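Since the structure comes first, as structure tokens, the remarks are kept for the end.
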Amino acid sequence: MNKKIYIALSLIIVLGLGTYLCGRSLWVPVYSKVAGRRTVEEVINKIKPENEQKLISYFEKKQAIYVPEKIALIGLKEEKILELWALSHGKWTFIHKYDILAASGQSGPKLKEGDKQVPEGIYRIEGLNPNSSYHLSMKVNYPNEFDMKKAKEDNRQNLGGNIFIHGKAASIGCIAIGDEAIEEVFLLVNEVGKENVEVVIAPMDLRNKDMDLSKVQVSWYKELHDRVKIELNKFR
């Protein structure tokens, strides 16, 4: 193959891949307009047959009830793991874990728009997005009451928002778990009801590790750390 043609083709492939991965927020909405926007019900009908069997298998292995009363999603930044827990037979039972494929930032809370931090704290799911640029997504209620209280004390504004747990393997400030995993979790949250879902995001697994708090230069971080640690200890 002519060297110039080879170089040109290589550039086209690289640029195309870059546009696909990094420009999703631009081309996916355009595609959605052309193809038509999907409803949550339509997505559930499509993904349920395959993914429900996987979920039932996870629950059966743990001798837990499917569909459970409540679930908890535990995001561990350092370990890059999203744990799934279910309230079954009156107690919390570990069901499954998913790899976090991408999550920007480091230990510590999200403080402002554009800091690329994944929030830390105790959250809930605000809604399901069947038309996500990242396959499917679930919106986390950041900033929550605690975040807004601390922002007011610090005289901070522009806290940012639009924090999601979503598919694909790229993310800035959100938690990406891949398409297969998000289909399972999306389906389960829909079945349980988003009002019955708790989300805990921690810097690391504080159930069995001690954190060096001096690494996070935020005056009130110990208060947040302690709240998250207490909540995590419910899930053992």
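Note: Cβ is positioned from N, Cα and C throughout, glycine not excepted.
Worth saying up front: this structure is predicted, and the values here are computed from it rather than measured.
Among the features that TrEMBL reports, active site, proton donor/acceptor is placed at His166. For His166 (active site, proton donor/acceptor), the same-chain residues lying six or more positions away in sequence with a CB closer than 8 A to its CB are Ser132, Tyr134, His135, Leu136, Ser137, Met138, Cys174, Ile175, Ala176, Ile177, Ile182.
Taken from TrEMBL, the feature active site, nucleophile covers Cys174. Annotation note: Cys174 (active site, nucleophile) sits in a coil segment as assigned by DSSP.
Taken from TrEMBL, the feature domain 'L,D-TPase catalytic' covers 71-202. According to DSSP, the secondary structure content of the domain 'L,D-TPase catalytic' (71-202) in residues is 27 helix, 49 strand, 56 coil.
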Across the domain 'L,D-TPase catalytic' (71-202) the predicted model averages a pLDDT of 98
